[in-house]
Amino acid sequence: MTAVPTSERAPIAARLAPVLDWLRAHVPAGADLTSDTRKLKTGDVFVAYVLGNVRQRGDGRPHIPQAIEAGVSAVLAEAHGYVVPADAPARILPVDGLSELAGPLAAQWYAVPGPDALRVIGVTGTNGKTSCSQWIAQALSRQGERCAVVGTLGTGFVDALVATGFTTPDAIQLQHSLADLHRAGARAVAMEVSSHGLEQGRADGTRFDIALFTNLTQDHLDYHGTMAEYELAKARLFGWPGLRAAVINRDDAAGGRLLAGLRAGIEAVEYGIDGEAAAQRGAGHWLRATNVRAHRTGTTFDVDGSFGRATVHSPMVGLFNVSNQLGVLGVLLMAGVPWQDALARLEKLQPVSGRMERFGGEDGPLVVVDYAHTPDALEQTLRALAPITGARGGKLWAVFGCGGDRDPGKRPQMGAIAERLAQHVVLTSDNPRSEDPQLILDMIADGMEDPRLAIQIEDRAAAILHAVRHADVHDVIVVAGKGHESTQEIAGRKRPFSDQEHVRLALAARGVNA
């Protein structure tokens, strides 16, 4: 079979055309595309591309015999360095640069509609992606146009998510999901877009209408190497072909650089808390929160900007959640929701699973489960709960660890943050993966001035139980790092584990209602 030639300079559409023509001529209608042999069904098309960036490599072509044995109707294979076996029992089409075409190919194969029928909103940043995407979906769904979610908690509508195991699914699965969501009634999708996903091309083929940037703090340096490379990966979303609007956190230095680099024609909204008024810089659209007041049941803040002024009463706590809500507000406005309507929806947002999720607090200590797993996120979480702890007349506990096989540089930083902001620190396992759990705890403790003040309990369930059992009735306990996760990975094996469930059990053991 002659390979379909491509050129680095040829438009994607021109490169796709012969591949689509070949598929339509040789593959039955309704066949699925997949690059995962575990998901193959009889009649499917196996897409055997090669990942060749400097940080991830993979080659699907050695799995072609397995795919053929599974009964695929055809195979698309990366052409470079590949010769179709003369006795191949299935149709195989070699394609140059197949990995770059996988997303756009799937988008056309599954007939994913454009922004007029399916508005896709991309949310990127170190922290806040899940909360913002969930809140965007909650708010837009109140308009009558159902909004789905793709992200860390899963894919689907907010009340019926299906776990995928990835923040951003692979390019083919993502386009298949977008088409399925549209057929199920979605008219918008709020999608978490990770730096890994952007760099590995998982979002390729997606027609983003609006992009939201939350923040950039240290994380994933085990993958990206430097903060500059990490920022560059995030920035790809804001140079996306066809992007109409960008909502950007101006409080973050990386946000300022994104705003400065936006191409002409992209409508921008910048937002922040206090600080210099965007109007003084001649910014077009802007939002600013001032006079932030924390109380035991949430936060109240004033918001003003180019759209109007108002006071917002939110059930969420923490300055970081004020920032996240400003970002969501900017997205709603760019999606055409009127100012007063957008504000009303903002006040009706509900907390997200594993994000500042509260348990107890009435007849026992208040326990908060949060996904904070970076230095900045842990600091923001502890700072957010400090005034609540003070109002209760108690002390603040931090129960956390750090993930194995991930950026080790953040471990001592998180130890130092916990020692500085919490009165009690319990170090425990997060997802140690292939690393020795005790070595991870020791690295966290290395960042503390007096590590003897921290209690080390490797078993996470026992650590949670210890904190709940020994906390005063007025205390606040933060169980940080895993949030919504339902498993814990130790020595390469995942086992069922839920922070929420173990918090409930610990409170019950103390005789306290969760």
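Every residue, even glycine, has its Cβ placed from backbone N, Cα and C.
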Query raised in the report: Which one of Arg406, Arg452, Arg469, Arg504 goes with Asp430, Asn431, Pro432, Arg433, Gly481, Glu485 at the meso-2,6-diaminopimelate site, as Swiss-Prot has it?
Result: Arg406
Query raised in the report: According to DSSP, which kind of secondary structure is Arg433 (meso-2,6-diaminopimelate binding site) found in, if we only use helix, strand and coil?
Result: strand
Report summary line: Per DSSP (helix/strand/coil reduction), Arg406 (meso-2,6-diaminopimelate binding site) sits in coil
Requested in this report: Could you tell me which three-state DSSP class Gly125 (ATP binding site) falls into?
Outcome: coil
Requested in this report: Starting from the Cβ centroid of Gly125, Thr126, Asn127, Gly128, Lys129, Thr130, Ser131, which together make up the recorded ATP site, report each further residue of the same chain whose Cβ lies within 8 Å of that point, ordered by sequence.
Outcome: Val123, Cys132, Glu192, Thr214, Asn215, Asn324
Report task. Count, for each of the binding-site residues Thr126, Asn127, the other C-beta atoms lying within 10 angstroms of its own C-beta, and report the residue with the smallest count. Result -> Thr126
Report task. Pop the Cα-Cα gap between Lys234 (N6-carboxylysine) and Glu485 (meso-2,6-diaminopimelate binding site) into the table, whole Å please. Result -> 24
Report summary line: The sparsest Cβ environment within 10 Å, among the binding-site residues Asp430, Glu485, is found at Glu485
Query raised in the report: Using the Cβ centroid of Arg406, Asp430, Asn431, Pro432, Arg433, Gly481, Glu485 as the reference point for the meso-2,6-diaminopimelate site, which residues of the same chain not in that list have Cβ within 8 Å?
Result: His373, Gly401, Cys402, Gly403, Gly404, Ser429, Lys482, Gln488, Glu489
